[in-house]
Amino acid sequence: MTILNHTLGFPRVGLRRELKKAQESYWAGNSTREELLTVGRELRARHWDQQKQAGIDLLPVGDFAWYDHVLTTSLLLGNVPPRHQNKDGSVDIDTLFRIGRGRAPTGEPAAAAEMTKWFNTNYHYMVPEFVKGQQFKLTWTQLLEEVDEALALSHNVKPVLLGPVTYLWLGKVKGEQFDRLSLLNDILPVYQQVLAELAKRGIEWVQIDEPALVLELPQAWLDAYKPAYDALQGQVKLLLTTYFEGVTPNLDTITALPVQGLHVDLVHGKDNVVELHKRLPSDWLLSAGLINGRNVWRADLTEKYAQIKDIVGKRDLWVASSCSLLHSPIDLSVETRLDAEVKSWFAFALQKCHELALLRDALNSGDTAALAEWSAPIQARRHSTRVHNPAVEKRLAAITAQDSQRANVYEVRAEAQRARFKLPAWPTTTIGSFPQTTEIRTLRLDFKKGNLDANNYRTGIAEHIKQAIVEQERLGLDVLVHGEAERNDMVEYFGEHLDGFVFTQNGWVQSYGSRCVKPPIVIGDISRPAPITVEWAKYAQSLTDKPVKGMLTGPVTILCWSFPREDVSRETIAKQIALALRDEVADLEAAGIGIIQIDEPALREGLPLRRSDWDAYLQWGVEAFRINAAVAKDDTQIHTHMCYCEFNDIMDSIAALDADVITIETSRSDMELLESFEEFDYPNEIGPGVYDIHSPNVPSVEWIEALLKKAAKRIPAERLWVNPDCGLKTRGWPETRAALANMVQAAQNLRRG
């Protein structure tokens with residue numbers, strides 16, 4: 001029983017973000033479709049070869065996507081919303097781009113499909129749309145073409161296909177409501193056709209991804225798996241693939257399926273591999289996801305070996321990444337600015353392939369010397385002073401319940417804040433950032449590259465802050481912001497100023513489409529060596545008599561949008577960040593800043609996949625926010641901003657944050673989101689977003705007034721604020737001025753009654 005290895009997928013974008021550049025060039029009309037397709041072919045060939053050279057036995061094919069793999073599956077099945085279809089009914093790459101981004105070099109623009117988080121990762125997928133009576137047919141043969149490409153290059157190919165039940169689970173019904181699971185029998189013939197085509201090509205194994213099997217699914221959905229896979233059996237061997245959590249709760253459903261193998265995530269799941277082995281059919285292959293596909297840390301291969309060795313020789317076994325390596329940067333070797341010690345702690349996608357090769361060889365031979373050598377830096381890290389800060393650990397241990405309580409309840413605080421700020425009814429503000437012009441970005445880049453000295457940089461930033469204050473005063477806003485000209489990214493900026501973080505040069509991972517992010521890496525205990533935002537907030541406040549908000553990114557969001565440590569809990573990291581930012585709140589307050597906003601857009605997306613695990617997460621997530629904010633005096637007003645499409649299921653926790661004001665994204669839902677706050681009888685103040693900042697469209701005064709009147713039917717007017725949905729960083733100044741002018745006018749009209 002020779003053990004093989006494989007990956008579940010590989011990063012698509014290229015080491016230098018070649019795919020992103022090719023996409024954006026094509027969208028802008030600066031290159032041809034054939035040039036774009038050539039870049040895709042070159043990247044696929046390179047990535048297969050890189051994995052092979054690193055020692056991978058079975059190469060994933062079908063993991064590449066021009067925008068998103070769920071969208072690729074929609075096209076495969078012929079699921080193209082009518083508004084995005086070509087007039088002749090054909091499907092091409094521009095069809096795909098119109099669904100993903102609302103426009104393409106050809107065809108008519110139309111509203112893009114909804115985008116949402118892929119399970120609990122920072123990757124986004126395009127939500128499939130389903131209508132009653134929908135027809136499906138094999139339409140987009142990208143998978144088959146890429147399999148042909150890989151076979152022509154003499155690779156050992158394992159196609160990757162998103163499974164039918166998970167595909168339906170991820171979608172939404174449009175128009176007349178019906179049970180989307182009823183479409184299962186309509187999409188299965190397309191899956192059968194695809195598997196038949198793969199069998200014709202001599203494919204032995206197909207990786208069929210069903211990550212929905214790690215969720216607490218309704219019984220009807222669990223029951224759907226057996227008939228679905230009864231219909232798919234027989235043409236090729238199926239590796240039923242799960243990830244991001246364990247499978248034990250749904251194992252009875254899984255073991256009844258006519259598949260030939262199962263992949264389990266042994267990093268993020270709590271499954272015991274020996275117990276799994278006992279419960280799986282004896283002729284099934286087990287693919288053990290031992291190498292973390294969604295973090296950047298070098299694996300302790302001696303530990304991984306010990307985890308799996310007891311079942312070696314007892315069944316067919318593969319070793320694998322826990323999930324697709326899509327969520328990891330590509331290659332650590334090109335990082336030249338990380339010092340040797342820190343660099344030795346990491347493994348990016350290519351290094352993870354090497355780890356799988358080392359693990360496979362050791363399991364086949366019994367010789368673990370190479371594993372011990374690889375794991376040595378991990379042992380050294382456990383005692384590094386760069387990881388452990390006794391002062392931080394001592395402070396964390398000393399936290400009491402009092403540290404997460406404001407001095408008085410909201411009603412007492414609100415009175416003190418009204419006396420201090422004397423704001424009018426319907427107070428107007430913005431969420432924080434103003435347009436990041438080419439001039440601002442160039443200023444920051446020149447300073448970062450050393451082409452601009454600190455004095456000239458500070459003078460430039462000060463000028464942009466001054467301009468933002470002048471613009472806001474001219475518009476008549478009531479509570480101002482400094483505009484965040486000095487910030488490149490709301491998480492990276494804080495990470496750069498906190499001890500315990502490091503940054504990469506090329507650690508890009510795909511977020512969606514052509515958007516890539518470069519998350520900070522938490523390497524050790526987190527502390528704040530000096531004030532971060534105080535200087536610019538204080539300067540902005542000196543320019544006006546109106547209150548200027550201090551702007552902080554909250555602890556849970558910084559955690560969720562970074563690569564976290566694996567040697568301590570997420571709760572520990574969040575509370576360390578909270579303590580560091582608590583000092584920032586105190587310093588802002590001492591500098592005369594009376595309104596402080598702590599953004600937590602990631603609070604909801606950090607929820608565990610299983611609802612039964614939510615309470616524990618929400619408890620420490622809320623506590624981290626409160627530790628951050630509770631140092632504020634009664635007359636300091638704490639704001640928070642959140643952008644979710646769903647509040648109902650976490651309203652208790654949102655109220656428990658005890659922010660004086662919460663601003664939320666509501667314009668696209670026509671204020672429907674306020675239902676949650678109305679039903680809950682939310683006690684504090686709310687700023688429902690009155691226009692969508694993701695659109696360049698300028699809302700009319702009448703439209704904003706109508707939205708606010710609608711809001712006032714749900715929430716008492718004396719507790720309502722007036723603000724956009726989100727920050728204005730990506731907008732231009734002309735539409736920003738026009739939209740804010742109309743927003744202020746609408747508020748003034750309402751004050752006059």
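Note that Cβ sites are derived from N, Cα and C of the backbone, with glycine treated the same way.
Note that this is a predicted model, so its numbers are computed, not measured.
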| note | In Swiss-Prot, L-methionine binding by ILE431, GLY432, SER433, ASP599 extends, among GLU373, GLU484, GLU486, GLU646, to GLU484
| task | Kindly point out which candidate in GLU149, GLU473, GLU600, GLU605 is recorded by Swiss-Prot as part of the 5-methyltetrahydropteroyltri-L-glutamate site with ARG17, GLU18, LEU19, LYS20, LYS117, ARG515, CYS516, TRP561. | result | GLU605
| field | All-chain count of other Cβ atoms within 10 Å of LEU19 (5-methyltetrahydropteroyltri-L-glutamate binding site) | value | 24
| query | Is LYS117 (5-methyltetrahydropteroyltri-L-glutamate binding site) helix, strand or coil when read with DSSP? | reply | strand
| query | Expressed to the nearest Å, what is the distance separating CYS726 (Zn(2+) binding site) and LYS117 (5-methyltetrahydropteroyltri-L-glutamate binding site) at their Cα atoms? | reply | 18
| Chain-internal residues near ARG17 (5-methyltetrahydropteroyltri-L-glutamate binding site), provided their CB is under 8 angstroms and they sit 6+ positions away | TRP508, CYS516
| query | Using Cα coordinates, what distance in whole Å links HIS641 (Zn(2+) binding site) and ILE431 (L-methionine binding site)? | reply | 7
| request: Excluding ILE431, GLY432, SER433, GLU484, ASP599, please set out which residues of the same chain place their CB within 8 Å of the center of the CB atoms of the L-homocysteine site, keeping sequence order. | output: THR430, VAL481, MET490, MET551, GLN597, HIS641, GLY727, LYS729
| remark: Rounded Cα distance, in Å, between ASP599 (L-methionine binding site) and LEU19 (5-methyltetrahydropteroyltri-L-glutamate binding site) is 32
| query | Of LYS117, HIS641, HIS694, which of the recorded positions has the most Cβ neighbours inside 10 Å? | reply | HIS641
| Helix, strand or coil at HIS694 (active site, proton donor), per DSSP? | coil
| C-beta crowding around GLU484 (L-methionine binding site), within 10 angstroms | 23
